[in-house]
Amino acid sequence: MSAAKIWRPSRGLRQAALLLLGRSGVRGLARSHPSRQQQQQFPSLDDKPQFPGASAEFVDKLEFIQPNVISGIPIYRVMDRQGQIINPSEDPHLPQEEVLKFYRSMTLLNTMDRILYESQREGRISFYMTNYGEEGTHVGSAAALERTDLVFGQYREAGVLMYRDYPLELFMSQCYGNVNDPGKGRQMPVHYGCKERHFVTISSPLATQIPQAVGAAYAAKRANANRIVICYFGEGAASEGDAHAGFNFAATLECPIIFFCRNNGYAISTPTSEQYRGDGIAARGPGYGIKSIRVDGNDVFAVYNATKEARRRAVAENQPFLIEAMTYRIGHHSTSDDSSAYRSVDEVNYWDKQDHPISRLRQYLLNQGWWDEEQEKAWRKQSRKKVMEAFEQAERKLKPNPSLLFSDVYQEMPAQLRRQQESLARHLQTYGEHYPLDHFEK
């Protein structure tokens, strides 16, 4: 059985070199099924297969499809490791200020990561997850979206929020769980959410966001809204059953959604060689009928072009798209992880020194004459000052009142929750000296 794959390099933003396998149509309208059309075209079963579940030819030779003889999906890139544009027709020709925003967002995220990681090591916050090495996937994709597009993140997409101008003070407040935290201290650190910036609150269990994002995209389609949903996840989450359910629902219901997979090499401590045997995550898309592409995740322009084109077509065609961004997780999985137990220092240093997305974009800026060493020093100093000011403010704030543990779930608090709230109040009144209640809002 062979699947029809069309590799269509086009020009400019529309190249995005998408692997096509699916149906096109008008947004918001149902389309006829190709299998039904074929049944009308072929009156004899001897002419063509007419099974409704697949499109294929009959063969008279017994042969199993071998996964290792199918050529791998290529990796789309725009600039090389030296920051040089490879094919001028693929240059997105972004204005200087926008590219500088890319760079400032990526480096500001990197600075915030370093400070919050160290603060966890000092016992100031309970947990943290860095984004080292994956900054290009965040910023490149976020820049290609409209501000009203709905984002479902996993737990390593802080750069998407940062590009949407989420305040540093709220990043810090969430990690500290203080009174300014929109979640009122009830979420783990790095589990951000912001309704005003259309960023759905992050949930810890892997892949739960995938079918939820498909439901949101289906709702957008039903409303005929000019928006899409983007759903981020890692290659490890793609092994969860929710990923299969989400992909299949999106394809069969024809939802305007971008599945954005950050393939960073590891699912916590499990390398990709032990996660799957096929050709990565992008290769799964055609099996579901999803248009797919693999991009260099360390090339912010490749990520931007692919996401921009996928968004345009998702809106126009009411179709799902899958982007697999190949990158590398330079940091530990989290502050609860020690990656030296399962990978070498040389491996990490290679990606940090030889193919870092920030270094590549900086080199591009230097090549263009848009950045120099003096600006670099000044910005590094300024960005650290901004992060430290927000950090110190968040640390001084009180924690939310413990009674808020029970609020914001039901419109009217049920009797059982009221009893639990009253029980906690009595407990703290009796044994309050054993708790740091002076750190909490009264």
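Here the Cβ of each residue, glycine as well, is placed from N, Cα and C on the backbone.
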**Record-annotated Mg(2+) site (Swiss-Prot): member among Glu235, Glu240, Glu254 besides Asn264, Tyr266** = Glu235
**Of the residues Lys195, Lys291, Lys353, Lys386, the one that Swiss-Prot lists under N6-acetyllysine** = Lys353
**Item:** From the candidates Ser35, Ser336, the one which Swiss-Prot records as phosphoserine
**Value:** Ser336
**Request:** Name the one residue among Arg124, Arg262, Arg360, Arg362 that Swiss-Prot lists for the same thiamine diphosphate site as Tyr155, Arg156, Ser204, Gly236, Ala237, His333.
**Result:** Arg262
**Request:** Would you mind ranking the recorded positions Asn264, Ser334, Thr335, Ser344 by how many other Cβ atoms sit within 10 Å of each Cβ and giving me the lowest?
**Result:** Ser344
**Complete:** Taking the centre of the Cβ atoms of Glu235, Asn264, Tyr266 as the Mg(2+) site, the remaining residues of that chain with Cβ inside 8 Å are Gly234, Gly236, Arg262, Asn263, Gly265, Ala267, Thr272, Tyr328, Arg329
**Prompt:** Can you tell which of the recorded positions Glu235, Ser334, Thr335, Lys353 lies nearest to Ser204 (thiamine diphosphate binding site) in space, using Cα positions?
**Reply:** Ser334
**Reduced DSSP assignment, Lys353 (N6-acetyllysine)** = helix
**Fill in**
The recorded positions listed are Glu235, Asn264, Tyr266, Lys377; by CA-CA distance, the one closest to His333 (thiamine diphosphate binding site) is Tyr266
